[in-house]
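Peer 1: Below is the structure I would like to discuss, written out as structure tokens.
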4 protein chains.
Amino acid sequence: MTTEAEPHSPHRYHWVVTLSCTDGPGIVHAVSGAIVASRGNITESQQFASDDTGRFFMRVQVESTAGRDEFEAALAPVVERWGMELHLDEVGRPLRTLVLASTAGHCVNDLLFRHHAGQLPIEVPLVLSNHGTLRDLVDFYGVPFESAPVTSPETKAEFERRILAAVDEHDIELVVLARYMQILSPELCEALAGRCINIHHSFLPGFKGANPYRQAHARGVKLIGATAHFVTSDLDEGPIIEQNVVRVDHSRSVAELVAIGQDEESRTLSQAVKWFAERRVLLDGQRTVIFR
Amino acid sequence: MTTEAEPHSPHRYHWVVTLSCTDGPGIVHAVSGAIVASRGNITESQQFASDDTGRFFMRVQVESTAGRDEFEAALAPVVERWGMELHLDEVGRPLRTLVLASTAGHCVNDLLFRHHAGQLPIEVPLVLSNHGTLRDLVDFYGVPFESAPVTSPETKAEFERRILAAVDEHDIELVVLARYMQILSPELCEALAGRCINIHHSFLPGFKGANPYRQAHARGVKLIGATAHFVTSDLDEGPIIEQNVVRVDHSRSVAELVAIGQDEESRTLSQAVKWFAERRVLLDGQRTVIFR
Amino acid sequence: MTTEAEPHSPHRYHWVVTLSCTDGPGIVHAVSGAIVASRGNITESQQFASDDTGRFFMRVQVESTAGRDEFEAALAPVVERWGMELHLDEVGRPLRTLVLASTAGHCVNDLLFRHHAGQLPIEVPLVLSNHGTLRDLVDFYGVPFESAPVTSPETKAEFERRILAAVDEHDIELVVLARYMQILSPELCEALAGRCINIHHSFLPGFKGANPYRQAHARGVKLIGATAHFVTSDLDEGPIIEQNVVRVDHSRSVAELVAIGQDEESRTLSQAVKWFAERRVLLDGQRTVIFR
Amino acid sequence: MTTEAEPHSPHRYHWVVTLSCTDGPGIVHAVSGAIVASRGNITESQQFASDDTGRFFMRVQVESTAGRDEFEAALAPVVERWGMELHLDEVGRPLRTLVLASTAGHCVNDLLFRHHAGQLPIEVPLVLSNHGTLRDLVDFYGVPFESAPVTSPETKAEFERRILAAVDEHDIELVVLARYMQILSPELCEALAGRCINIHHSFLPGFKGANPYRQAHARGVKLIGATAHFVTSDLDEGPIIEQNVVRVDHSRSVAELVAIGQDEESRTLSQAVKWFAERRVLLDGQRTVIFR
């Protein structure tokens with residue numbers, strides 16, 4: 001993708017630009033001007049002005065013969081003029097993703113199968129787990145797997161250091177908690193802020209804490225669900241990325257609710273990871289902007 | 001429906017029997033024996049044994065030439081033997097229903113339109129409201145309408161006495177809170193226990209209390225919903241009858257969430273009322289059994 | 001909305017621009033340039049480039065102190081340069097809508113109730129029907145109602161002339177077939193092309209023609225649905241605007257499928273009308289672009 | 001499960017009985033009488049009387065100390081009296097299932113992962129494919145895999161003989177076409193009648209034949225879906241077991257529709273297989289009765 005363009009068939013890049021700034025008139029015109037100046041053609045564009053925070057958000061895909069340096073140079077005055085946070089990337093570049101897991105395999109299987117099938121633009125240099133249960137599954141997909149027990153404050157601290165080391169080593173862009181059943185320390189939450197996604201096995205803000213399916217059964221709810229959200233130190237309260245529900249009835253036991261819910265967990269988490277990897281997820285205070 | 005059968009073309013009744021008792025072997029055989037003895041044919045039958053409470057629940061529709069007295073006589077020993085709570089009714093008999101409302105008309109309109117269209121087996125002798133807003137709408141459907149302001153403890157107590165008087169006067173079997181925006185007193189909750197349905201404009205246990213759509217917006221949820229539940233003195237905590245959700249995204253304002261949610265409220269409440277009127281809703285402790 | 005702006009508090013217009021043209025680089029920049037030149041602020045913007053037809057589509061909402069003449073003047077060179085079809089309107093202006101009906105009232109009730117509740121940006125100067133059944137319902141909402149029987153080729157032709165006369169007389173922008181049970185003549189389809197929406201009581205392309213619920217029952221489908229589509233002379237084949245389905249099971253009779261399906265018909269048609277009235281529906285050959 | 005019961009702790013069997021016969025009064029009483037006579041307790045029971053065919057269907061789960069011989073003896077007079085088709089099995093016994101596949105792995109992965117996770121009561125002695133693509137995936141789950149090319153009438157006939165041989169050899173009770181992309185011969189359809197399930201990558205009867213996602217794109221549908229159905233010689237017309245849909249919009253390419261649809265295919269097929277394996281799927285002419 002980054003090879004030198006030949007004279008007679010210039011390489012066409014496919015860029016994805018995401019940006020946010022304080023809202024005001026003229027932003028779109030300024031950005032599109034930089035795109036035109038870079039001989040770009042817009043293939044997809046979405047924008048949103050938040051009434052809550054006064055921020056403007058934009059995601060635009062651009063085909064162009066301009067390389068990164070040229071495109072960045074064209075965008076630079078716009079970024080400066082509007083005080084933008086802007087990110088430039090190539091469409092489809094696999095996001096370096098660290099997966100954390102425990103014993104349940106359904107989310108890990110769903111992520112790795114989709115990745116394997118070419119449906120998730122990620123690369124997974126490592127799956128880390130506090131149990132060895134999923135080694136064979138992860139091995140099958142050719143992904144390195146490491147496990148270490150977390151049974152005490154000391155082993156927990158050690159495991160978290162291992163996470164941070166892996167993030168550094170592999171230049172990780174996204175950490176996915178694929179039913180990782182340990183609560184992250186506030187320090188780790190802070191270190192991974194905005195790049196760590198959890199799947200919660202409930203329709204938040206429905207049932208928080210432990211055993212949400214047991215709570216759902218006791219309450220007799222008619223729909224159960226799953227929520228993918230950013231991890232913050234405020235447990236189960238991070239910005240929501242995606243939610244799904246499925247209908248159940250009185251005849252379902254807690255065990256059946258668990259089994260039924262796992263489908264929603266898998267697809268909800270994979271969907272959130274896909275959108276994040278495609279740079280469709282932006283943060284707007286405690287809310288997310290999803291450019292589907 | 002209750003006229004004497006002629007010799008050559010005996011009237012065929014269509015009965016619906018609902019019952020519950022402590023679970024044990026032989027119940028179905030005993031009930032079906034009474035049905036056979038009454039020359040009945042089962043047209044619909046559902047049952048459920050609750051692991052939580054050890055109760056057995058059954059709903060059965062029976063076509064028979066046996067009238068009420070004969071059928072009850074056949075069932076009597078079964079009821080006694082098993083200590084059953086049993087209810088016998090005719091399929092399709094309209095349930096006497098009192099509707100309480102305030103200013104929002106979407107639920108009242110949905111109920112009355114469906115009733116008018118023959119889709120809801122209820123009769124509505126009265127709509128009571130703490131505002132006059134919906135008088136024209138209710139008038140159009142030919143339903144009596146009364147309103148009185150609720151602006152103080154005294155007027156509230158008076159309004160609740162009016163509710164109870166209407167329940168007595170019309171022999172009301174179901175009270176529907178169709179976006180009635182007053183909290184019922186514990187005494188009234190008690191008096192209407194098991195026969196009063198509320199629509200809550202949120203996916204319970206999601207957002208309780210006031211302004212759930214504002215809470216949903218602030219939290220950035222991706223699905224909003226509505227919950228029909230029995231009224232108990234424990235606010236928003238009564239047994240759930242039906243729930244529905246609809247997908248929303250970051251771009252929706254609170255006002256739009258309200259408008260979107262009203263559809264779910266209307267259909268969720270009408271669905272719950274329909275099932276209740278068809279005797280498909282049974283109470284199992286804090287949960288409901290819905291024989292759809 | 002169109003009064004002269006006063007010197008010290010200039011009127012702020014809220015414009016909605018929809019456009020389509022052959023795709024190419026620079027369109028967004030050109031359009032946003034005209035907006036900037038008109039002191040406009042973009043409050044909502046969506047665009048789509050169709051791979052099928054090579055057309056580019058855009059819908060943009062703009063707040064500006066520029067009135068219609070000034071804004072059109074700013075856009076004129078862009079329209080000419082790109083050979084655009086462009087439509088400029090004020091956000092929220094009620095669309096002049098003619099409703100055609102027969103005997104079934106659920107869709108008409110849903111449209112008129114939502115309109116009455118301020119949820120549908122339409123005005124309805126007339127409901128025309130080939131039966132008198134719905135007169136009282138339509139009267140209640142204060143909408144003029146006319147009916148005439150369609151029982152022969154002659155009465156059908158006469159009725160269609162009445163439709164066209166009403167379209168002229170009221171400068172109708174949208175004709176809604178709210179379960180109008182007559183097939184429009186090819187001439188009428190042609191005359192109303194792109195501004196006539198029908199609700200089909202099936203999940204197209206599932207069951208076409210008469211009695212789709214009977215077909216659905218015979219086939220034992222597990223989901224039934226409704227489809228709102230543009231009317232073309234190719235029966236049930238016009239571009240699809242919106243579809244919804246609902247789950248059913250083997251125990252449902254044809255009559256129950258009909259009742260269940262009516263909910264989907266009502267909300268699907270009202271949704272399509274709402275999007276059309278908000279200028280969110282654009283035609284791309286045999287497909288629609290929906291800027292939700 | 002079938003060991004001799006000890007005197008002091010008699011083995012408790014968990015039976016599932018499915019039956020159908022011409023409808024008439026007294027069936028439930030007769031069946032429940034046989035259950036009582038066998039010291040059985042009903043843990044789940046569903047029934048349905050088909051107006052279309054006049055058939056009565058029942059599925060009942062029974063806990064009892066009676067073994068197969070005793071229970072069958074108790075049921076025998078009922079079966080004879082009513083001319084029943086009756087099947088007696090143990091709840092949870094894994095169904096012997098043959099999986100046919102081609103190159104697409106999503107359905108096979110979903111089936112094998114769920115089976116592996118204990119969520120599908122099946123055993124899979126063999127996966128047969130006309131391509132070698134999925135060997136590694138199937139190997140990982142420890143399931144035997146065989147492949148042979150189907151490129152001519154001769155190789156096709158040979159492959160079908162291999163299928164029938166495998167059915168015999170492993171006493172197969174269910175054949176699952178998990179995106180097996182060959183049309184079965186009428187003879188094979190006949191031989192597997194009532195025990196062969198296909199997943200069709202469309203919401204039938206929507207788009208039949210090849211490339212349904214391309215058809216869906218061209219038609220601009222707003223929902224795409226998948227249908228699990230029994231295989232008959234009438235292509236894509238066999239009785240429907242389960243259907244699901246998912247919302248899409250104009251911006252989706254055919255390739256994206258394919259990817260989105262695969263999720264629905266996987267879960268729809270797995271759901272149908274689960275219900276079949278639990279003996280919840282009964283045939284009623286061209287329709288299915290699903291006792292969920």
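Cβ from N, Cα, C; glycine included.
Features from TrEMBL:
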ACT_SITE  D:D236  active site
DOMAIN    D:16-99  domain 'ACT'
Peer 1: Looking only at Cβ atoms, how many others are within 10 Å of the one on D:D236 (active site)?
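Peer 2: The answer is 19 other Cβ atoms.
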Peer 1: I want to verify one value. Collapsing DSSP to three states, which class is D:D236 (active site)?
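Peer 2: D:D236 (active site) sits in coil per DSSP, no helix or strand.
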Peer 1: Averaged over the domain 'ACT' (D:16-99), what pLDDT does the predicted model reach?
Peer 2: 96
Peer 1: If you run through the domain 'ACT' (D:16-99) with DSSP, how many residues end up as helix, strand and coil?
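Peer 2: The breakdown for the domain 'ACT' (D:16-99) reads 26 helix, 37 strand, 21 coil.
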